[in-house]
Amino acid sequence: MVALLPIESEVTMKSTSADPPPMAATVGGEARLSGSGLPIALFSIPLGLAGLGGVWEAAVRHLNVSSAPADLAYAASAVIWAIFTGMYVVGAIRRDSGGFKVDLRHPLFGPLTAYVPVIAILLIAHYAPSLGEAARWLTYVAVAALAINAAALVAHWLSAPLEQDAMHPGYFLPVVAGPFIASIGLAAVGGRSAAIAVFGVGTYFWLLLGAVITSRLFFGTPLPQPFKPVLSILLSPPGTASLAWFMITEGEVDHLQGAIGGVTLFTLLVQLFFLPDYLRLPFSSQHWVFTFPLAVLGNVGVRWSAGLRFDGWEAIAWVVLALSTASILAILGGTLRDFLRGLVSRRSGGVGRERR
């Protein structure tokens with residue numbers, strides 16, 4: 001399946017590091033830079049599915065719906081995450097190229113190496129009731145892996161500074177959204193104090209990197225059109241912060257939650273002005289970048305509606321749930337359509353060669 005997923009043309013970012021260029025990997029017939037056989041960007045697929053599971057998990061809690069959609073989304077995420085992780089690790093070992101280290105130091109792929117532990121944290125949080133006491137230790141291991149990954153990235157950024165135009169919103173993943181997601185996972189297994197601690201880490205880097213990335217977007221060269229989807233990641237910091245604080249406070253809408261909610265709402269308003277650009281993009285697997293922010297918005301919307309309990313809150317929560325789910329399923333449907341087309345095309349090509 002992976003070989004048939006087209007990856008939209010990516011931007012070659014510049015770095016002042018003297019590291020050798022990463023190895024080229026061929027996906028969808030095109031050369032792609034990666035230290036492993038599997039492009040790390042494909043992990044946005046299981047992340048988006050885990051996010052969709054989170055939306056329905058909120059609906060199970062507040063709207064009394066069946067847990068089947070959440071379980072299905074998490075199961076799909078777990079299977080794809082396990083397959084992709086295995087392929088990524090095996091590819092790096094077979095190439096004997098220090099693939100993970102190459103990706104870690106790459107100005108584009110570096111932040112994306114946090115996908116693996118971040119998705120693991122979300123999956124463990126969902127399956128915690130079934131895992132029992134093991135869930136706590138598995139969460140600590142996944143959070144520790146994320147912390148090591150983030151620390152290695154920050155150390156590399158400090159020792160081999162990037163050019164301004166190399167920065168993009170994906171840099172929020174390991175040190176901002178990652179810690180907020182870690183906070184969610186820790187709160188889910190009863191580690192409230194640890195959850196607050198990593199929430200502080202996410203807040204610190206949100207303020208720090210937020211200024212840098214916003215400056216790059218304001219004053220740097222414009223992002224190429226195919227790279228526009230990463231702008232949707234700007235929703236992830238406030239959205240995941242809101243979800244983390246909901247987990248820590250057990251659903252309370254306090255003053256801090258109100259402040260984060262205001263930032264989330266304004267960021268969403270900004271995103272609405274990008275909507276025409278997003279809709280003009282030709283469909284590709286790059287659209288999976290949209291899925292996690294969409295899921296986070298749906299999750300936050302359901303929890304905020306339930307927390308405020310205004311007249312008609314359930315109807316609003318259902319609308320938010322439906323919009324978030326429909327958008328993600330549309331991207332999933334488009335991906336499956338392209339996969340089937342590619343499969344038919346390959347089979348047709350094979351039959352044609354046999355006839356010759």
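The backbone N, Cα and C atoms fix where each Cβ goes, glycine too.
TrEMBL labels come from automatic prediction, so no person has curated them.
Per TrEMBL, the features are as follows:
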TRANSMEM  40-60  transmembrane segment
TRANSMEM  72-91  transmembrane segment
TRANSMEM  112-131  transmembrane segment
TRANSMEM  137-158  transmembrane segment
TRANSMEM  170-189  transmembrane segment
TRANSMEM  195-218  transmembrane segment
TRANSMEM  230-249  transmembrane segment
TRANSMEM  255-275  transmembrane segment
TRANSMEM  316-336  transmembrane segment
Winner by Cβ pairs under 8 Å against the transmembrane segment (230-249), considering only 170-189, 195-218, 316-336: 170-189
Long-range environment of the transmembrane segment (112-131) - Cβ separation under 8 angstroms, sequence gap at least 6: 40-41, 43-44, 46-47, 50-51, 53-54, 57, 70, 74, 77-78, 81, 85, 88, 100, 103-104, 138-139, 142-143, 145-146, 149-150, 153, 170, 173-174, 177-178, 181-182, 184-185, 188-189
Other parts of the chain folded back onto the transmembrane segment (40-60), taken as Cβ under 8 Å at six or more residues beyond its ends: 2, 5, 7, 10, 34, 66-67, 69-74, 76-78, 80-81, 84, 88, 103, 109, 112-113, 115-116, 118-119, 122-123, 126, 243, 285-286, 288-292, 294-296, 298-299, 302-303, 306, 317, 321, 324-325, 328, 331, 335
